[in-house]
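Right, one structure below, let's go through it.
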Amino acid sequence: MELIFELSSPGRGAAAQHPPVAADLSAIPEALRRKEPPRLPEVSELQAVRHYTRLSRLNFSIDTQFYPLGSCTMKYNPRACNKLAMLPEFLGRHPLAPESHSQGYLACLYELQEMLRDVTGMAAVSLTPMAGAQGEFAGVAMIRAYHHARGDTARREILVPDAAHGTNPATATMLGYVAREIPTDAQGDVDIEKLKAAVGPQTAGIMLTNPSTLGVFERRIKEIAGIVHTAGGLLYYDGANLNAILGKVRPGDMGFDVIHMNLHKTFSTPHGGGGPGAGAVGVSERLRPFMPIPVVGVADGRENREKGDLGSLASNDSRFSTPDSRSYRWLDENDLPQSIGRLSAFMGNAGVLMRAYVYARLLGREGMHRVAEFAALNANYLSARLKAVGFDLAYPTRRASHEFIITLKKQKQELDLTATDVAKRLLDHGYHAPTVYFPLLVPECLLIEPTETEDLQTLDAFVDAMTSIWNEARSDMPKLKGAPWTLPVRRLDDVRCARQLDLRWQPAP
Ligand SMILES: *Cc1c(COP(=O)(O)O)cnc(C)c1O
């Protein structure tokens, strides 16, 4: 694979695309100007097109291949969501446009808040955090603000099960808490006895993922909620796995006080490559005053008139009013004086929020149920079939929620087959590898989430690939140890990649 610099030849270019402009550099001080032009590749338009098209084909993506990455829900996102969210009327909105000119947009966000509130069973929702991790930050900041507002400043600990995503203990630590680990029992549930021993007057709260990253639903969640609440702590729900329960059970009903949703996982924004996210937070009644601002609220006429400027146009001029003739406005520090404050510029990640809105409207209540049903059905079908091939499930007595874990502990001892070998060989079969070596407490594990958007044929073809790898481990181990064979980059030394990463390109002298 050539680098674009290697295709370069002096004087070549695509002048038709970018006619040369006479730059006026007079505003830039002499000392700050380049002495030589930058060494950019000089290629024709066609060379550039071919080069980047070739690169794009080397990528794994949902659009091209099955991508069963556990915990992260790499599912197919309907094109309609993207298309509607990208309408010029949304895309071209200026973030400083007055509320009176933004009533349609505000109505969409308000409805999104309401739909998310409804499906999670929380009292209110704020859309502004820009990632799951930032939603966690908002959530734990609210827990802290709640305790402090009551003069209760002695609580120093946040409890975190050992199966948790790394962002959970990191969040607790960033907010000045000590993250105290709670072990998981052999069935994959939180160890209740250890939990009881750990809670006390020092407990600010617990962060839980349910279903957990072990792919199982925490059956004693109500009991856990009781234990933590009785000790005066609050419950945080990591909503990264929300597709497993959408419309079926609600975190609010389980007793959670605050939840983040990864709208870029569950609600239709592709999130490979660390793209834009949205980590909307939902809160119970007691955390409502602390929500991050701004939040979209319904403007009643009186409030608008007192504010004088913005709202009045919306309520009097039919061009700006929504079909139900309600008008909307941003709630800010005047409405929520105890808010933890702003976490993002303006109102959060507008494009991701619009996609989530369109997706929720397309699905409706019935569709949300089907998301959870197919997420669970696909995971259970795949786990049952792989078990029949011979793979060991980490929690064989449990039903999978939307993802499940295979452990190669036995095959590692008997055949020296590792999770890395399976992951690398899957690439040769045209599949993105599942998550490997996470969660940390299961040795040689593969965390597999087929997601609700895959069909039976794809799942069966994946089982065929896994079966072929299973057989190869007994007939041709070098084939596995050397994989991948078909990709432009072969097996890398993981340690050197991490410790001595060098991605610079130097021109030949
Ligand atoms: C992805 C994920 C997070 C973090 O979310 P980001 O949007 O990546 O910041 C937290 N918890 C779990 C279980 C996750 O899968």
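Glycine is no exception: its Cβ is also placed from the backbone N, Cα and C atoms.
According to TrEMBL, the feature compositional bias 'Polar residues' maps to 313-322. Under the heading domain 'Glycine dehydrogenase C-terminal', TrEMBL lists 373-474. According to TrEMBL, the feature N6-(pyridoxal phosphate)lysine maps to Lys265. Among the features that TrEMBL reports, region 'Disordered' is placed at 303-322.
Summarised by DSSP class, the composition of the domain 'Glycine dehydrogenase C-terminal' (373-474) is 53 helix, 12 strand, 37 coil. Regional average pLDDT for the domain 'Glycine dehydrogenase C-terminal' (373-474) in the model is 97. Following the DSSP three-state reduction, the secondary structure of Lys265 (N6-(pyridoxal phosphate)lysine) is helix.
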